[in-house]
């Protein structure tokens, strides 16, 4: 199967309180940077042929070097991201569209992943790619552990309680058949619409497209706050222990 | 300030895959059991006068011994929980009501906490108690890090995407002025109503009571799945490092 992947890796880690706008992708967990873990997972995923990464301009060279030194041969392009995450993904998609036109080969699926989710596993990527190609759209999710409520009439008070049994917390990589993802992003750009994730864009422009749930473990966290670093170390140790058991 | 606390600690750790229905409260994190951490936090909270714990019948003696051996003098009663979490809380509330009647002293607030949230800090308990007494109801919450969607027409597909900026993930301890919490539980018992948390019960029977948000850090997790144990170790190490800096 031919799948291409987009990795959004422009986050400057404001919530991480990093010095001088250091990329949160460069934080080390388990002896490797966040982006190393992410690149390696996509390198090792059998379904993936080519990976496009959007990042800050001054991360492009370090990322290229990292890919070269580690034999991450599937990293196809590392380009500058846009203002918002969605713009970065759009930049990668422009490249993918050119590639499709020049090669005449249409991928089975495009996956979009957050660079700051380094604990995704290659076999999970493969499964999401497979379901996306088969059903048109697939998004990983976990059941929320906590009760979820709306904010009320001011941010200091609560509103309505949601029915937790009907909720899912969604993650990435989110996979789609190329035509729909490309068209949804094109329309969003022309309408000036920004959505919370790619699934929300596809939902908006292709409401008839059902988005399939891939039930994910709790390891696929996003490295967002300083607390996440030791938590990430623990998750990584757990994943290694699980692998050595098998 | 006189605050009483209820700790629901009946969970048998089904999702933890523990042997022979071992209580998840007895899992060790950082060299102490989950329930030890929880008891200690309430012992050290200045606002708290008395703690009522509901647990499985065969945990009552071990918990009593733990409290005795560690000088947790505020642990007032350890009783058998009911069928559901809400029944366990109701059992504790019956005792508290008797105490109020016999002593003639009304607490300023009642806090209800999950025993499996061992990383709550004493000063957080105090602050939630204070806001509860002042405003009638206070619940700790964090902003969700992930996008939240509804489950669709079947559990395999997604429904609508929620506006994340309007959502909060709620935790415990949840605090209320005693009259409203007692009355809400009494009405729920007589109506046969079960709610996802105590705040939802108070919302139901006292819709005019605004529930105040206490913005909590991401450390106050519930120990629910095996992955949570190493994550808990990491959180604990982070909390210790933070304390030694101050």
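The backbone N, Cα and C atoms fix where each Cβ goes, glycine too.
Here's what Swiss-Prot has on this protein:
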- A:15: site 'Transition state stabilizer' (SITE)
- A:24: site 'Transition state stabilizer' (SITE)
- A:164: site 'Positions MEP for the nucleophilic attack' (SITE)
- A:222: site 'Positions MEP for the nucleophilic attack' (SITE)
Recorded sites near chain B, Cβ-Cβ under 8 Å, from A:24, A:164, A:222: A:164, A:222
C-alpha spacing of residue A:222 (site 'Positions MEP for the nucleophilic attack') relative to residue A:24 (site 'Transition state stabilizer'), in angstrom: 11
Least Cβ-crowded entry, counting other Cβ within 10 Å, from the recorded sites listed as A:24, A:164, A:222: A:164
Whole-number Å value for how far residue A:222 (site 'Positions MEP for the nucleophilic attack') lies from residue A:164 (site 'Positions MEP for the nucleophilic attack') (Cα to Cα): 21
DSSP-derived structure type at residue A:222 (site 'Positions MEP for the nucleophilic attack'), helix or strand or else coil: coil
Collapsed DSSP category at residue A:164 (site 'Positions MEP for the nucleophilic attack'): helix
